[in-house]
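First up is the structure itself, then whatever we jot down about it.
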Amino acid sequence: MRVKGIRRNYQHWWGWGTMLLGLLMICSATEKLWVTVYYGVPVWKEATTTLFCASDAKAYDTEVHNVWATQACVPTDPNPQEVELVNVTENFNMWKNNMVEQMHEDIISLWDQSLKPCVKLTPLCVTLNCTDLRNTTNTNNSTANNNSNSEGTIKGGEMKNCSFNITTSIRDKMQKEYALLYKLDIVSIDNDSTSYRLISCNTSVITQACPKISFEPIPIHYCAPAGFAILKCNDKKFSGKGSCKNVSTVQCTHGIRPVVSTQLLLNGSLAEEEVVIRSENFTDNAKTIIVHLNESVQINCTRPNYNKRKRIHIGPGRAFYTTKNIIGTIRQAHCNISRAKWNDTLRQIVSKLKEQFKNKTIVFNQSSGGDPEIVMHSFNCGGEFFYCNTSPLFNSTWNGNNTWNNTTGSNNNITLQCKIKQIINMWQEVGKAMYAPPIEGQIRCSSNITGLLLTRDGGKDTDTNDTEIFRPGGGDMRDNWRSELYKYKVVTIEPLGVAPTKAKRRVVQREKRAAIGALFLGFLGAAGSTMGAASVTLTVQARLLLSGIVQQQNNLLRAIEAQQHMLQLTVWGIKQLQARVLAVERYLKDQQLLGFWGCSGKLICTTTVPWNASWSNKSLDDIWNNMTWMQWEREIDNYTSLIYSLLEKSQTQQEKNEQELLELDKWASLWNWFDITNWLWYIKIFIMIVGGLVGLRIVFAVLSIVNRVRQGYSPLSLQTRPPVPRGPDRPEGIEEEGGERDRDTSGRLVHGFLAIIWVDLRSLFLFSYHHRDLLLIAARIVELLGRRGWEVLKYWWNLLQYWSQELKSSAVSLLNATAIAVAEGTDRVIEVLQRAGRAILHIPTRIRQGLERALL
């Protein structure tokens, strides 16, 4: 009976075991995903970083000091790379572009730095006795410049002949000097017609530009350091703000000429197809409208006067340069623009403005007032700062059919009368003014108008008025730079990517470290590809970052060499150094992370970190075949730091395991077992074995006592010893005999340490054999509990189904009753409304009937 019970129990065990094995097989069938690290993925994020410059400075005159200090820039790349990003859409915003702010700060810094070694004109802040310069001619050159009267002579009072007392080379001696100054540069003292002072003496420190300084704009290319990239929008009608579908990546921008001008944008880039107007908000009249022309309009400017300049000593080692005299007729500086070309340009601008302002009448008017830099078109021409009246350009009205009415003449050219100003309030900053020394001889310059800066008049009734008035604007040089940088943005390269795969790091091995970088132009070309396609080209994508850093170092050394005679770095040299340090920092940071994760020198690195479905529950096929790396990075962006920390913890644990494995290598050779240095280990092992045996004997002694107590008696000894045979002089008695048997002794059959071990092991096996019923009882209890538990679960499940059905029926009945009640109430309300409506409709009829009865 007992054997049959055991067989029945084992049959139940077999069923439960089969079920458990099936569950394990089902669980193991769902394949686990693991985190895999990829280095060189085409992922970027918006960033602000220090840009450096590239320029062809050697192509320009080296005798003069260029204010832009482009000799400190790196040479431009003769074959610039531009990689088109297929299937990539990126957001741009020209109005919130750090490149604009950076260029503005750079240009101001360059101007300030170029003026540092120059002469301060503080001694000239004295009383000037000025009289109007008479329009006389020099007898030797009386016919030199009388060929054209249409250019106009200078108005009376526009130039002053001023005399003043100045300190000579000897400080305690004064002498009287004279200079020809423009009216715009002096201001009357106490409304006196003869006493004047320089215009900025009471507010600014006037610095004279050094004699050999040049303001000629040289194209400057802004470049991103290694680890960063510049994205370029190639949409031909891009408004400057919003998404761009035609995106490419470049290392440097195009050559941007830092032309400091107002109202008209000169010598910039052109729109490719149509005229484009850009504004941060067209409905806000406080926002400047930047007009980007598709065809340039040439403007030719001249100062016909042949000026002679002289040098006045104003102290030891300091000289003031001023106009000595003017040879020939003193004529007005002016600029000429083709009337037909300008009118055609305005027509195209008007058509674009009407698209924004609902076909209203467009009126162009002159500036409403302000500083001379804003009221007039200010720019530098051949070293002189011209201030031209642009009212002939902005004096027209355009009706709905793009016809216009102007009040100017019908000559072929539009002539702008210009004034020259020598004291310049730089960048509209308080406390900074520059004196531009006069240029000898005649001055001629030709520029291309490539854009306009417009402002729109506001008012309360602009919505009802059919006219929009636009005026030339400017003054904030950021708009000048923004007109060229509108299509660029700086991004930082994030070459490290993590994604789930089926591969797991199986073994711990020591990897050889290698220096591998990321070519930000090359691998961004795969940005529009799926993750699977991009991961195939990781080797190509991860090559030239380190070489880019080395090239940056060479560029920096070349820049320092070019400026070693100055013993100081310009803003460009500092930016070169910052860019290199930043590139090295980025590279070392990425390599440090790879080292923390045990992935140094690897492009694809498997790990032992399991992928958590809460990070992303997308399938592998959906991830690798349908998503780009940029999309995937946005998907897991919130969990990146967590994944990085898990990778670091996993690698730390793996290194500990590796250390333990390496510590076991010293046992690989059998001869090392007999090394004297290992004897201490042998002693420790022996002590542990002896301690274990003693502990085992104590345990079995306790178990034996418990067993004997359970049987109802306690032995006198823990081991039964066989009787010790008596000697020949003391023979043993027989059964019937009495005697002193209490004095007999017994001993073990075998003595020694091994005998103790044998006895203990034998007792262990006997104990296990005698208590096998305990296991069967426990198994039976577990089986009964499982069966009862299963029956209880089934009962609860049936009960739950019953009550859920009852609740469902009750809910349906309640909803039906509610619907019926609502329907009946709705019908009553509708009926009441209908009766009320009929009563109202019948009121005229009732009134008519009442009147008829009254009349009858």
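Keep in mind that glycine also has a Cβ here, set from the backbone N, Cα and C atoms.
Annotation comment: Swiss-Prot describes ASN135 (among others) as N-linked glycosylation site, evidence class sequence analysis.
Under the heading N-linked glycosylation site, Swiss-Prot lists ASN140 (among others).
The N-linked glycosylation site feature in Swiss-Prot is assigned to ASN141 (among others); the stated evidence is sequence analysis.
Sequence annotations record features per position, and here Swiss-Prot assigns region 'V2' to 162-201. Across the region 'V2' (162-201), DSSP assigns 3 helix, 22 strand, 15 coil.
Annotation comment: Swiss-Prot describes ASN191 (among others) as N-linked glycosylation site, evidence class sequence analysis. A simple way to gauge crowding: the CB of ASN191 (N-linked glycosylation site) has 6 other CB atoms within 10 angstroms, across all the protein chains here.
Here Swiss-Prot flags ASN202 (among others) as N-linked glycosylation site. Of all Cβ atoms in the shown protein chains, 9 besides its own fall within 10 Å of the Cβ of ASN202 (N-linked glycosylation site).
For ASN246 (among others), the entry in Swiss-Prot reads N-linked glycosylation site. Sequence-distant neighbours of ASN246 (N-linked glycosylation site) (same chain, 6+ apart, CB under 8 A from its CB) are GLU84, CYS233, ASN234, ASP235.
Non-local contacts of ASN281 (N-linked glycosylation site) by the CB criterion (under 8 A, 6+ apart in sequence, same chain) comprise LYS287. What Swiss-Prot records for ASN281 (among others) is N-linked glycosylation site.
Annotation comment: Swiss-Prot describes ASN401 (among others) as N-linked glycosylation site.
What Swiss-Prot lists as N-linked glycosylation site is ASN406 (among others), and the listing cites sequence analysis.
Taken from Swiss-Prot, the feature N-linked glycosylation site covers ASN465 (among others). All protein chains included, ASN465 (N-linked glycosylation site) registers 13 other Cβ atoms within 10 Å of its own Cβ.
If you look up Swiss-Prot, you'll see 575-593 marked as region 'Immunosuppression'.
According to Swiss-Prot, the feature N-linked glycosylation site maps to ASN612 (among others), an assignment based on sequence analysis. The Cβ of ASN612 (N-linked glycosylation site) has TYR639 as same-chain neighbours under 8 Å, each 6 or more residues away in sequence. Classification of ASN612 (N-linked glycosylation site) by DSSP places it in coil, neither helical nor stranded.
The N-linked glycosylation site annotation in Swiss-Prot covers ASN626 (among others) and is backed by sequence analysis.
Taken from Swiss-Prot, the feature transmembrane segment applies to 686-706, supported by sequence analysis.
For the pair ASN191 (N-linked glycosylation site) and ASN465 (N-linked glycosylation site), the C-alpha distance works out to 44 angstrom. Sorting the region 'Immunosuppression' (575-593) by DSSP state (H, G, I as helix; E, B as strand; all else coil) yields 19 helix, 0 strand, 0 coil. In the three-state DSSP classification, ASN246 (N-linked glycosylation site) falls within coil.
A Cα-Cα distance of 45 Å separates ASN465 (N-linked glycosylation site) from ASN202 (N-linked glycosylation site). ASN626 (N-linked glycosylation site) counts 13 other C-beta atoms within 10 Å of its own C-beta, drawing on all protein chains shown.
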